[in-house]
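Listed features, source TrEMBL:
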| type | residues | note |
| --- | --- | --- |
| COMPBIAS | B:1-17 | compositional bias 'Polar residues' |
| COMPBIAS | B:20-30 | compositional bias 'Acidic residues' |
| DOMAIN | B:130-252 | domain 'FUZ/MON1/HPS1 first Longin' |
| DOMAIN | B:299-397 | domain 'FUZ/MON1/HPS1 second Longin' |
| DOMAIN | B:430-529 | domain 'FUZ/MON1/HPS1 third Longin' |
| REGION | B:1-37 | region 'Disordered' |
Amino acid sequence: MSTRRTGSGPTLNFKAVLLGEGCVGKTSLVLRYMEDKFNTQHLSTLQASFVTKKVSLPDERRAQLNIWDTAGQERFHALGPIYYRGSDGALLVYDITDQDSFQKVKSWVRELKQMRGSEISLIIVGNKTDLEEQRAVSYETALRYAQTVGAQYVETSAKENEGVSELFELLTQLMLEHHGNKLQHDASSLRLQSGSSGIGISEDIDTDADNAGAAAEQRSCCGI
Amino acid sequence: MEIEQTPTSASDTNSTCEYMDAEGEPDNETELSAGDLYQEAEHAETEQLGHSIISELRDELGTHASKCDGALSPNASAATGQSKDLAASVESLALSTSTSAKTEDRGSANELDDDQYDYQHDSVWRGQKKHIFILSEAGKPIYSLHGNEDKLVTLFGVIQALVSFVQMGQDAITSIHAGGIKFAFMQRNSLILVAATRTNMSIQQLQLQLSDVYYQILSTLTYSHMSKIFEKRKNFDLRRLLSGSERLIYNLLANDSSNARVSNNIFTFLTNSIRVFPLPMVVRSTIVNTIQSNCSKIKNLVFAVLIANNKLIALVRMKKYSIHPADLRLIFNLIECTESFKSSENWTPICLPKFDMNGYLHAHVSYLSDDCQACLLLMSVDRDAFHTLSEAKERITEKLRKSQCLKAINDELEQPFNVKLYQQVLGVPELRHFLYKPRATAQLLCPMLRHPYKSLPEFERLEAIYCSLLHRIHNSSRPLKLIYEVKEREVVLAWVTATYELYAVFESIVDKATVIKYVDKLIKWIEKEYDVYFIRNHATF
C-alpha cells in the first residue's frame, strides 16, 4: 500500500494556512510569493483568501500548494478551525516590531497543538526585518520559543523580498517529510493491525483533522 | 459533532493568553466575544432557515418612522436651546467644498499626535459638507467620517447629553435644524448615529444613510453579537471589533458630492435601489440557467449573486427568500472596496441584516476569470462549503465561457457606457439626466453623467435637485404625484405613476409641451427595452 501511494502517483496536494494578528504581513507574504509584488498601502484582509501554486519538488515530482491567507482581526479568530482543520502546515506570522503579535503567535501555537497535535507542521515567521531598528522581539527569543514547541523559525521581509521563497520552500519540504512519515506510519500500523487484530486503531489513524487530537494520542501509544 | 468541540477548546486555549489585549482591558471579554461570534454562526445556521426576521424588522422601522416627525415637539424648545450649543460647536460647516479626503490609515497615521488638538478650530474639518458620527450610548467614540474620533470626545459628549436629555422625557430626538445645518439622529441597539449636513438632503434621506451605516456595522458583527457585548459591558470600545471594516463604512458614506465624487452611485442610495447590468435578455437567462443548473444540488446555498461594475447581472435565490436592496448595497459595497477579491478565491462571513440580522452567511467570492471581471458570490449557511462552492464556480465559469456569455459581459464592460442607452439619450439632447425606477422592483436606470454634470459644482446642483424632488414626492405627510418646475438653470420633472417613478432634468430652454413629448418617447423606449435594463423576477434554485 505504501509503495503505491508514495510512488510516482499524481500531483501531491498540500494545504497550508497563514495565521497571525492583523497587520503583520500575511497577505504581503502571499502576494510576494505568488506574484512577486508588494503593496505599500495596507488594506486589512476581511476574508480568507484561497490561492494555489504548483511547485516542483527536489525529486522532480510536482506538488500543489493550497494556501489559506486568513484575516487577522480579533473577530475572525473563532473561524480559525475552518482553515487549519484540514491543513498540513501552518505559518504563524508576527511582526518583529510588535511584541503583542508575537504573543498572538503563542496563542495560535497552543490552539494548534491542542487541536491538531503533531498532525500539522509549524513554522513561526518573524516578518518585517526591513524594520530592524524598531525590532521588539529578538531573534534568539523567537528561535528559542520555536524550538521549545517543535516549530521552525524563519525571518522574512515581504517588502525587501528577503527569505520569502525560502520560507515557502521550507514549508513544502516540511509537509513533504511529514507526508512521508505519515505514509510509513500508516503502513506500519496497518501491519500491526493485521498482526494482532485486537488493537483496532486503524480507524482513528485514518480519520482526518477533526479528531486529530485524539488520533495523535492513539498513535503515540501504538507507534512503538 | 466534531464541530461542536472546536469552539470550547478554542476558547479554552485562548483564555490562557493573558497578554492578548493591547489596550489593557480584561482579556476574557475578548475571548468571550470570539466564542459568542462562533456560537452565533452555529446558531444562525440552525435558525436561519427556520424563520425570517425581515418582516419583524420592517415593523420596527415602521414604528420608528411614524414616531419621527412629531417626536421632537414636546421637547422642541428645550432641544433647540441645546441645539444652539451644538450648532455653535460645529458652527460653520462652511459651504466651501473641501478636498481633504480621509485616507485609509487615518487612525494609525501620525497625522495628529497632539491630544489637545481641537477640530472645532480646524477650518478644513469645519468646512466639510457632511459629517457622520457614531458613538455608543455610553459615549464611547466609534466612528467619525472626518477626523480622528478620539479627538472629538467633547462633541460626542454634547451629542450624548442631547440624546439622553430628550430620552428622559420618554421621547427620542430626531433632528435639529440650526445655523443652516441639519442634524439627524438615530438610536439603534446601544448605538447613537448622527449626521450633520449643509446639503439639500432631507432628514429622512440622512436617516436612510444612517441606517445604511448601521446595517454595515451589523453586517460585520451581527445584531445579537453586538447586543450581547453591550449587555455585558456598556462602555465596550466597539472599534476593536470593527477594525479593518472602517473602509467599508467610509466607502458607503463617501459616495456623494460631499466627498467630491461625481457618480451615479449616490442615486441608488437616494432611491433605495440597485442598478442592473444591461444585457440582452437571452444572455441573462442563459446566465441564470447556468447558475441554477450548477447549484441546484448544493444544499444550504441561499443566494447566488453575479455583479459587474457595481451593477447586478443575475441573482438566484433559495425558494421563499429574497434579498432586500439595502442588503444588496452592502454586498456591492463590499465588492467595490475589496480589490483583493480579484486575485484569489475568497471565503468571507457576511451578515445581511435585512435577511437575518442575527447570523452570518458564508460567501464564496471570486471573479469569474482573469479575463472577465464579473464577481460571483455564492452564499451558504454552511461554513464548510467552500470547496463545494469553489467547484460549482469553476463549472459555471466554464459553461458561461462556452455559451459566449463571458464575451457578452466583457463586450458590455468594455464600453464606457451602454451604447443603446447612450444613443437614446443623445437623440434627445435637451434631456440632461433622468432616474427611472419601476415600482415593482427596486432597480434604477439612469444614463451616464455628461455635460454639464461632470464638473463637481454642477453635479452638486443635480444631486440637490434630486434630493429635493425625491423628498417632496415621498413626503409621508403630503406625498406628491407630479412636480414640474422651471428652475434658473434647468427644467425638472418628477412623475409617479402606478408602474414607475421618473425624475428628469432638462435644459432650461424647453417648454412644457416638449418635455411631455420627450418623456413620452423615453418611457416608450424603456418599456420596449425593459428586459435589457431590468430584471423582472429573480429566479430560484
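Glycine is no exception: its Cβ is also placed from the backbone N, Cα and C atoms.
Mean pLDDT, taken over the domain 'FUZ/MON1/HPS1 first Longin' (B:130-252), works out to 92 on the 0 to 100 scale.
Residue counts for the domain 'FUZ/MON1/HPS1 third Longin' (B:430-529) by DSSP state, with H, G and I taken as helix and E and B as strand, are 35 helix, 31 strand, 34 coil. Across the domain 'FUZ/MON1/HPS1 second Longin' (B:299-397), DSSP classifies residues as 34 helix, 39 strand, 26 coil.
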